[in-house]
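So that you can see what the record holds, here are the features copied from TrEMBL:
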- 25-89: domain 'P-type ATPase N-terminal' (DOMAIN)
- 67-87: transmembrane segment (TRANSMEM)
- 183-202: transmembrane segment (TRANSMEM)
- 248, 249, 250, 336, 377, 400, 434, 514, 515, 516, 602, 608, 631, 632: ATP binding site (BINDING)
- 248: active site, 4-aspartylphosphate intermediate (ACT_SITE)
- 248, 250, 628, 632: Mg(2+) binding site (BINDING)
- 654-908: domain 'P-type ATPase C-terminal' (DOMAIN)
- 685-706: transmembrane segment (TRANSMEM)
- 718-738: transmembrane segment (TRANSMEM)
- 767-787: transmembrane segment (TRANSMEM)
- 807-825: transmembrane segment (TRANSMEM)
- 837-861: transmembrane segment (TRANSMEM)
- 881-902: transmembrane segment (TRANSMEM)
- 971-986: compositional bias 'Polar residues' (COMPBIAS)
- 971-1000: region 'Disordered' (REGION)
């Protein structure tokens, strides 16, 4: 029976056979298609023309809010339950569903177009970040439910215990049933606490603030024709609450470009722009800044020529020359490429190499050197050397490396030159340049032969090979003669130090997560102003074992607890593989969060994401991650907000991000201006929206005591329908789209204005409770003042006007006037649009009211417009207008007095800055200033991105082997490199180093 069921299940499509193997034939598409295998096509659109309406409605009603309002509309169709007509809920619901459907259709069309254009994208790129409801909504949503339940419960109890004798009751109607129906009636009436228009308004505000980002010309990068782009509309207000920024280094903080900037040769410093047109083999993109150096080289200065000869010979670069004069250098280190290019432009051109020779063109003369040995780089040596024999038979050792390492190995005769060079190095380091020292040594042939024999024995030894080689290297690299030093600029993007300084003033903590070595990370910290010389408390955790990491972490934590807070301590973590273990990750978090600046080096893409998730999980703070490459995608997706920089490394980061732009410096405008304004506007919107709807609903509650809790409404049904959709919709949208406490320049002038958003001061639980109390007070005034004013009141002609319809008109008019005056008090920045919305809404109210209460509407739709003549009979009475004025005054005066006292006694940072704005002129744009010069021993950049093992490669024949074309691999995996694109070479910082397998 089981097999029969299985058979029929397969026929009906109920059971699918598990696929265990596939038959494929290379280059035979018809054969492969004959098996009807599932293809790998990616479909990013959800609908087609037939499925759109049912599927979209199904998805919309899966949302709790839409299902709730649909339930209310169905309740309103029951006459025994609802005292309101069904259209009071149906009209807003249909409007919301229609607007959402249009938006979903538009998004789906865009997605379909993207699918047609970008079929090559990886599946990982197409995943969209699921955005959770913001914390603002979480606070108010829970409290609103609580308020509803309490209000409904009280109403039901009082209806049964106090007003039972006054309630009209049909014969045979059960009291319990009547109470049950009355409860649901009040659920319908009080649903305006959170109307469905709230969700539409929020989406419109978010969309508008997203457009501001897209349209911001100050975030447009003309060089690449790249504007800023808000790729989501749901996170704008959280941009104003960022506490932690996690940034990549290469391509994010830097331009990914290396340039030979300055140098010191034989005690003389050089560095001004130079014209290299005299050299036909020069790289056209190379720039240097000193004519005197060119003249020195061309005049035949021996030291200068030896300096550039060293740069042309002492390296592991691979050359390629497809056309005469068009050289392409494949450098494993960006520093290497910049230095060899510098030698090339000054007339010492590295042309080709074999395992035994190096060919260079020295001042238009081709010279071939015999390569005798390469003393390779490693992390301990921090230097490399080559031993070469010139055509004249002279044997020389050329050495370059970290200045501190080279200076320890100099001949005593170089002491004076060393002191001069140290001064130059300090100057270069003060400008944030990456430096290294150059030295040489002439070797005796007999000594070299003996050394080479011992070197061969050590290199072929089965035990202690590395130690024996290091001893030999130490032996021969002694008594060196100093040639000078180089200074290479790892170019930062424009404005990076200023941006980091501004964000730090806003109390945003910046963590740099990079795959580079410790020295690289520390150097970039100084260049970006994250590290400063006055920082005395710099803690480094770099142990290679879990126990070591724990001990160093405890030492750092102890130091942080005893350090002075004004020192803004800095932490450098170099042991992420151990620090992220479960038993150590809390120590990492506790220690790192006490520092203003944290740099984590040698981290893999996965570890970047783990660091972000750790902070996100335990700190309850809004996080932002920013990067430019594929290795940053996991970090960008892990953070609350991901920002992608469209740079040199493709579009993977941008496609996975929530916001994107071309330069890191735009981040400060995104956060300090757009983010802060969005947060401020959303908080004002929510406070005002709940105030006006709580007040609107509380008036119903007070009226229940006078209508016997019969669920009769205070206001006209059409006023209830149009209150949130028409009368108060546009003014609050104008406030939420255009308001700003200060302009963008003042926002940059005082980054401290950003701090309230991090603490969520503008819409906290406390602010929500204050909003409810304000609404309660206003509702009391708005109900009892009109009630008292109209009670037993007569018209000028002696007729009684104390009827329900006149009272309803007076109450709703007072409510609308007070709401508009309150909105005017909340508005800090007035535009013509705001003025139009406020006055236009009041004009629309009176126009609609006189129209709906006219004789004509009553004659055409008698049952729908029963308030015939109420407007013209009530609003022509002076006491009605006096009541409106008195009610508005009693509602607004306490607010003005409270705010005045609060500003005088406890002014916020916003109050202080706005006070300055009134007194001072508009601040000028901040001038770009050069970075402060520093004096530091942390200078060398040579070892920063260099790797061990390339010396063995260039002395072997592996790089000469030509593989078959079908299996030959590209020398670079980075396909957007100039070499891969067959363009003239200019040297960029290489991508972060690949992941290394690290185990405890």
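Here the Cβ of each residue, glycine as well, is placed from N, Cα and C on the backbone.
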Chain residues outside the transmembrane segment (807-825) and at least six past its termini with a C-beta under 8 angstroms from it:
688, 691-692, 695-696, 699, 714-716, 719, 723, 727-728, 731-732, 735, 778, 782-783, 785-787, 789-790, 838, 841-842, 845, 849, 853, 867, 870-871, 874-875, 880, 883-884, 887-888, 891-892, 895-896, 899
Report, as a single number, how many Cβ atoms besides its own are within 10 Å of the Cβ of residue 248 (ATP binding site).
30
When a 10 Å sphere is centred on the Cβ of residue 434 (ATP binding site), how many other Cβ atoms does it contain?
27
Using a 10 Å cut-off between Cα atoms, which of these binding-site residues sit near residue 628 (Mg(2+) binding site): 248, 250, 377, 515, 602?
248, 250
Near residue 628 (Mg(2+) binding site), how many other Cβ atoms are within 10 Å of its Cβ?
33
Any idea what the model's mean pLDDT is for the domain 'P-type ATPase N-terminal' (25-89)?
73
Around the Cβ of residue 632 (Mg(2+) binding site), the count of other Cβ atoms that are within 10 Å:
32
Which of the binding-site residues 248, 250, 377 has its Cα closest in space to the Cα of residue 632 (Mg(2+) binding site)?
248
What residue among the binding-site residues 250, 631 has the most other CB atoms lying within 10 A of its CB?
250
